[in-house]
């Protein structure tokens, strides 16, 4: 049983969804029905139970329009309401198919959806809609078994006002037009967990960026996006070489408006990305490598429960860094690993400070907990470090061969960590390496809170140069011998590591305002375009009490809604100027995605 779902796939399993919906921007609603096909897997099952949250259910029919009885459970404050649909007596045997149409509409409180007015878009001409279903928000888009333990095919027929375009995480199969509306049809023939269902409706334009890829965005941003993501096909090709053939057909990218709360979301066929990646020099394209890696890790081999999220994210980070290493030199793998360890350390410290250390276990107990509340770098970086440790025991070539075999074996399935562990042991026992892998303390890796129990040593000369500049030139020597040329030859990742090292190493004893002013006069960090630099520089300045940065922080906070940036920055601003932090959030919270707004409110104690 999935503790994050109220549904019953272990008794009656949904196999496909067919969505027929109209997009109503005046009411901020999707209206229509979903046809749910399911199969009985437990003899005598009387009900199909679906997850819903903030949906209005009108009625249920069978395919011949006969009414079917249903009821909604009491509302659970995290997981919503169960929609309990009666299965006719003749269809309660194992293997029988039960098809029901659920007529419904979404509401303004459906937190999978963000409705933007035309003024909140880049073009200012048309409204915009986008979804974000991970982790447990698909149930506020469509009644479904909203658990990664169950995978479904889906089709859709979406009616939108002209001249807008609809896209989904599915193959576009057609468009028909009438006087004032267009109908777009889609099909997704590969079964996917419901958190990968996605929709966007807006004034969208596309450019071809590869043999199987386009980038989509509002017209004013499409040229910048075309340039920024030009290496997409290279990433896919390396992923295929490392793992298995890419099975999804297309790989398109959608550049979203600034309020999108994540860096990227791996919706199949249509990765969603934040405009904060538009650095102008392709320096932040690693996020695209990450989302491409999800085409295998997460989208094909899926964590069965959200507590085992590292099976999605730890594997994806590992493959992402393998891709970047193969393209840009093997040192890149170690460099990114060292950077990731810093982020992991910060999150472990944060959860420990909040007395939630149990959420730093690789497999935390999420009973009754919204997975969003447990979101951190732990499944990403601690999961990645587990794989690096396993690789160190068996060797790179053999581990990569196992990884390819693992993807082949578990594709199209949802699995638990013990299946991964058992297959690792079985595979390397057959290869004669049982002695090398006998040292793995799986129980502690999976269940012990805190930093990884074994530390792989990562080596990167480029990282050492960046760290030395931070620790010796600036922290030890206070910038006395610093020059403009210090970072002239630095790659983007080195500047990020330099700033991260400063933040991390001065947490107890901040740099003085005079030192930061000198640093800014040499390196010009206050006026950078790159969002990763800006976020770190502003964090550093707030921590040191550089008052003049506060208006710049507010400017950045209201210009985008990526949680990676807004949550820590609001927390830092709240420490030094709580009145400004709270008034800024209260004034602009309606511009943020509902997930981001909820999390920032918690961070600020509102």
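Cβ from N, Cα, C; glycine included.
Remember, predicted model here, so these are calculated numbers, not experimental data.
According to DSSP, residue 291 (active site, proton acceptor) is assigned to a helical segment. With a 10 A radius on its CB, residue 291 (active site, proton acceptor) counts 26 other CB atoms from all the protein chains. Annotation source Swiss-Prot lists active site, proton acceptor at 291, citing sequence analysis.
Taken from Swiss-Prot, the feature active site, proton donor applies to 380, supported by sequence analysis. In sequence order, 310, 313, 314, 316, 317, 340, 344 are the residues of the chain that are 6 or more apart from residue 380 (active site, proton donor) and have a CB within less than 8 Å of its CB.
Secondary structure at residue 262 (peptide binding site), taken from DSSP and collapsed to helix, strand or coil, is coil. Contacts of residue 262 (peptide binding site) defined by a Cβ separation under 8 A and a same-chain sequence distance of 6+ are given as 132, 272, 274, 562, 563, 564, in order along the sequence. Here Swiss-Prot flags 132, 133, 134, 261, 262, 263, 264, 265, 266 as peptide binding site, drawing on similarity to another entry.
Of all Cβ atoms in the protein chains displayed, 24 besides its own lie within 10 Å of the Cβ of residue 290 (Zn(2+) binding site). The Zn(2+) binding site annotation in Swiss-Prot covers 290, 294, 313.
Each residue contributes its Cα atom, and for residue 290 (Zn(2+) binding site) and residue 264 (peptide binding site) those atoms are 8 Å apart. The 10 Å shell around the Cβ of residue 264 (peptide binding site) contains 21 further Cβ atoms across the protein chains shown.
Among the residues 132, 133, 134, 261, 262, 263, 264, 265, 266 said to bind peptide, no two Cα atoms are farther apart than 15 Å.
Relative to residue 291 (active site, proton acceptor), the binding-site residues with Cα atoms inside 10 Å are 264, 266, the candidates having been 134, 264, 266. In this structure, the C-alpha atom of residue 264 (peptide binding site) lies 11 angstrom from that of residue 294 (Zn(2+) binding site).
Close to the recorded Zn(2+) site, the chain also has 264, 266, 291, 293, 297, 298, 312, 315, 316, 317, 320, 380: residues not among 290, 294, 313 whose Cβ is within 8 Å of the site's Cβ mean position.
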